């Protein structure tokens, strides 16, 4: 008899509600703290509300990971529903303790095999793992094949972000003050990416147009190497900017399936409003 596998992820995937429902993906929320008040991402605070509240806030927002107890409660619940195995897929362990909390909680549940999976990224780049794992679990595919597929996606995957304002990264501890000041004066648009589970500076470019062109050049190589079959354009509360880039990319790369996503509250605390990202991998 096949094992019954459940898929868990966290709110930083920013998956559409209909996808979560259709694929039965369980989501544990991270929280954002604005002026001392904590909001559960996606449950008590939408992306639109977050960016509005940040403009009115006195202090810079911070984020917090789910407590191990949240995972224990969910895992126990899934066990009661008859699941034998849980694949728990989370944002990079290099930027959050969420993955570690899921892994620790999983060890405490008897009679349930919890496999914690570090996406080493976040946002829809992480969402791609959750979607694929859930599709395969619903098709009754075995655990080892699901993990093998996730590893193949990880091998092919890449993600680049361009931020509009360096101050958020500096305040979030991602960039020092001098670099942020120089960046603001020179109108530098830094391109960031994930390297060894951390968000790091990839290149400094003078204009947004040049930054987007540079990311497109990297995508071009990935398309040639057959590692970019599906891609997501991700925007920070700027739908028009996201849609415009999406249209350009669809025209330029007809062989790639593109979709639009967004940076929600937790990731928005680091990247800020107006950020743009692109992630891709195999299907």
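Cβ from N, Cα, C; glycine included.
Taken straight from Swiss-Prot:
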- 5-282: domain 'DegV' (DOMAIN)
- 63, 96: hexadecanoate binding site (BINDING)
- line: In all the protein chains shown, the tally of other Cβ atoms within 10 Å of the Cβ of residue 63 (hexadecanoate binding site) is 20
- request: State the count of C-beta atoms found within 10 angstroms of the C-beta of residue 96 (hexadecanoate binding site), not counting that atom itself.
  value: 21
